[in-house]
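The annotation active site, proton donor is assigned in Swiss-Prot to K62. Among the features that Swiss-Prot reports, substrate binding site is placed at D10, K33, 60-69, T123, R185, Q194, 214-215.
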Amino acid sequence: MTRPVIVALDLDNEKKLNELLPKLGKPENVFIKIGMELFFNEGPAIVRNLSRQGYQIFLDLKMSDIPNTVYNGAKALAQLGITYTTVHALGGSQMIKAAKEGLIAGTPVGKNIPKLLAVTELTSISDDILHEEQNCNLSMNQQVLSLAETAKKAGADGVICSPLEVKNLRQNVGDDFLYVTPGIRPAGNAKDDQSRVATPAQAKEWGSTAIVVGRPITLATNPEAAYEAIKKEFN
């Protein structure tokens with residue numbers, strides 16, 4: 001089975017989206033991540049339209065609220081034809097459980113229920129921030145493991161984590177869980193605003209289920225060639 005490489009579309013309007021997408025290849029061969037910028041500017045209709053065109057979609061809104069609100073939000077998102085969506089693991093087990101129930105309730109008959117991924121610690125969070133700003137006494141690996149265990153028990157299908165943490169998670173949480181990893185930079189690329197990064201080959205070696213890559217693809221001279229090269233390296 002081919003491991004997905006998901007293109008992070010850090011764009012804020014449909015015009016930029018329409019300029020980029022044809023450069024990535026045929027819709028059925030492209031897995032995209034839509035975040036807050038595009039969703040908040042263009043609304044749910046753009047997600048539904050892209051799904052109908054054949055794109056696989058990771059809708060990354062990182063929901064975090066009281067369980068009832070998250071249930072209703074997830075129920076609405078499940079109607080858009082997405083493959084993955086996210087909540088913050090720090091929202092707790094009841095919220096994660098509510099999100100999963102909302103996705104199940106909202107998915108149209110005959111369609112696949114979107115996979116629920118819980119965000120552990122953002123890849124922009126360093127050990128210093130974890131300890132000094134979040135007042136967490138655990139190591140990064142311990143904190144991520146604790147959040148992943150909570151998410152799995154609450155019904156999440158997987159987690160968003162750094163590739164550096166996947167090996168430890170697989171050993172302790174199991175292989176029957178998705179490990180989707182941003183913070184991917186091909187060799188020679190700048191880290192930008194990411195703190196905990198790896199190459200596609202390292203992510204493969206350490207056991208990532210899927211990787212999320214943005215600027216190394218979207219800002220490349222030939223985005224489709226860059227995308228295909230990263231797919232090859234990861235698979």
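Glycine is treated like the rest: Cβ placed from N, Cα and C.
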Between T123 (substrate binding site) and K62 (active site, proton donor), how many Å separate their Cα atoms?
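About 14 Å separate the Cα atoms of these two residues.
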In three-state terms from DSSP, label K62 (active site, proton donor) for me.
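Note: K62 (active site, proton donor) is in a strand by DSSP.
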Taking every protein chain shown into account, which of the binding-site residues S64, T123 has the largest tally of Cβ atoms within 10 Å of its Cβ?
T123
Please report the distance from the Cα of K62 (active site, proton donor) to the Cα of D10 (substrate binding site), rounded to the nearest angstrom.
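So the Cα of D10 (substrate binding site) lies 15 Å away from that of K62 (active site, proton donor).
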